[in-house]
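In what follows, a structure is listed as structure tokens, so that the remarks can point back to it.
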Amino acid sequence: MVSFFRRKKPETPSGSESARRYSAEELAAAFPTAPAGGAVPAPVERPIPPPAEAPPPAPAPDVVEAEPGAEPVPPEAHAAPSSPAAIDAVAERGTESVTEPAAPVAVVAEPRPSKPTPAAESSADIPGVPATAVAAPAGKRGWRDRLRGSAFARSFGGLFYTNPKLDEDLLDQIETALITADVGVAATTELVAALRKRMNAREFIDAHALLLALREQLLALLRPVAVPLRIERADKPFVLLTVGVNGVGKTTTIGKLAKRFKDEGRPLMLAAGDTFRAAAVAQLQAWGERNGVAVIAQGQNADAASVAFDALQAATARNIEVLIADTAGRLHTQQGLMAELGKIKRVLQKIDPDAPQEVLMVIDGTTGQNALSQLRQFHAAVGVTGLVVTKLDGTAKGGVVFALAREFGIPIRFAGIGERPEDLRVFDAEAFVDALLPETLGA
Ligand SMILES: Nc1nc2c(ncn2[C@@H]2O[C@H](COP(=O)(O)OP(=O)(O)OP(=O)(O)O)[C@@H](O)[C@H]2O)c(=O)[nH]1
Ligand SMILES: [Mg+2]
């Protein structure tokens with residue numbers, strides 16, 4: 001067994017840097033615990049690399065030091081696999097490193113022999129999840145439980161409590177509630193104008209009827225984007241590339257998806273493409289280990305496109321059905337880092353011209369209207385095909401989901417309504433809208 005924590009980089013001048021262990025601070029950074037409703041983590045600025053082009057650059061030789069007591073690895077065992085079969089053979093040997101000056105170096109972290117993960121298991125061993133976290137109740141109740149604290153639900157709850165009359169004042173209150181809940185000016189203006197028109201045409205007998213009409217309008221905005229992710233079994237891996245700004249929940253979402261796909265019986269692999277943050281690779285490996293899923297990694301500061309390339313080669317050779325690639329969080333305003341995403345995509349397409357089959361952008365539901373400019377920039381850089389809106393259980397106002405749907409029409413695949421793996425729900429327009437509106441609407 002070879003430990004990632006002991007990777008050595010012989011080319012490092014001092015030699016000590018490459019052999020170092022992770023500090024408590026780095027590990028804490030790898031498994032952050034965001035309390036439900038916590039503030040959005042401050043995006044991390046990082047140096048912008050010079051524009052790089054495919055093919056993936058070859059990192060210098062990398063050596064993995066064996067754990068004490070382990071058999072020494074013969075030099076020839078470090079030769080990089082030159083063919084898919086060779087990569088497969090390396091992967092089959094277990095957690096291992098391969099080295100060759102002219103090729104990327106991969107660490108394939110194999111899952112430990114099947115560790116049972118019953119649903120009721122304590123969350124103490126789930127990376128980044130507080131031991132006290134419990135899954136939301138199943139079905140619509142879970143959505144309502146988790147979203148009841150949102151600004152949207154609170155405003156409309158208050159509005160109902162006052163037993164409103166059917167008049168202009170009610171429309172004003174609805175307008176304020178929608179704006180406050182981050183629905184955005186454009187969508188709010190459209191929604192309220194449509195209600196006013198129908199009210200003036202005497203279509204509503206009372207305020208309750210008007211609010212029912214609002215529910216229908218909100219559903220009409222979301223139904224077109226409530227398109228679940230479909231993974232058809234094919235003769236090549238379905239590559240899912242996750243992107244998004246810092247701290248939005250990319251790695252956690254990958255962990256949750258890994259559990260979902262594993263439970264569905266899909267052969268699965270993860271690629272540790274966040275090579276920027278000190279312990280990001282360890283965070284993904286912990287999720288992989290917990291779910292019994294292999295993780296392809298090269299460690300910190302490796303070229304992210306090279307990791308993705310390696311991973312797709314390995315996944316193809318091993319007849320993997322789904323490959324999920326993590327990427328480092330990046331500010332949408334940093335052009336160099338955004339260009340790096342395009343490079344990852346191009347490098348994947350050297351193996352499969354259709355890859356990635358899904359570019360899944362993770363958006364923090366507490367972000368507010370800034371989510372719109374984030375999506376605009378990521379979409380321009382890498383062509384986003386699906387969204388995950390996370391942290392809807394926290395201080396998220398809820399309304400930004402409508403603004404995103406109206407402006408982009410990009411499918412919302414999943415919603416994060418908590419930190420447990422079970423809390424990543426397939427996006428359900430009706431469950432979402434009804435969780436935001438008072439139960440007295442009869443939904
Ligand atoms: N309450 C809540 N917390 C979540 C949800 N999804 C993720 N988190 C938390 O958000 C924090 C950040 O998650 P990460 O998965 O590390 O975020 P990331 O986007 O990978 O971060 P970087 O790699 O640093 O860019 C962790 O504490 C997660 O537990 C969610 O749906 N609800
Ligand atoms: Mg991450």
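From the backbone N, Cα and C atoms, a Cβ is placed for every residue, glycine too.
Bear in mind that the values here come from a model prediction, so they are computed numbers and not experimental data.
Per TrEMBL, region 'Disordered' is recorded for 1-128.
Among the features that TrEMBL reports, compositional bias 'Low complexity' is placed at 28-43 (among others).
According to TrEMBL, the compositional bias 'Pro residues' annotation covers 44-60.
According to TrEMBL, the feature compositional bias 'Low complexity' maps to 61-89 (among others).
Under the heading compositional bias 'Low complexity', TrEMBL lists 98-111 (among others).
The GTP binding site annotation in TrEMBL covers 244-251, 326-330, 390-393. Mapped onto three states, the DSSP output places T327 (GTP binding site) in coil.
The annotation domain 'SRP54-type proteins GTP-binding' is assigned in TrEMBL to 411-424. Here the domain 'SRP54-type proteins GTP-binding' (411-424) has Cβ contacts under 8 Å with residues 34, 36, 119, 123, 126, 128-130, 133-136, 142-143, 146-147, 222, 225-229, 249, 252-253, 255-257, 259-260, 360, 365, 385-393, 401, 404-405, 432 of the same chain, all six or more residues outside its ends.
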Candidates G244, G247: member of the binding-site residues with the richest Cβ shell (10 Å): G244
Secondary structure content, the domain 'SRP54-type proteins GTP-binding' (411-424) (per DSSP, counts of residues): 3 helix, 6 strand, 5 coil
Other C-beta atoms that fall within 10 angstroms of the C-beta of L392 (GTP binding site): 28
Filtered binding-site residues, from G247, T327, R330, whose Cβ is under 6 Å from an atom of ligand 1: G247
Binding-site residues whose CB lies under 6 angstroms from ligand 2, from G244, G247, K250, R330, L392: K250
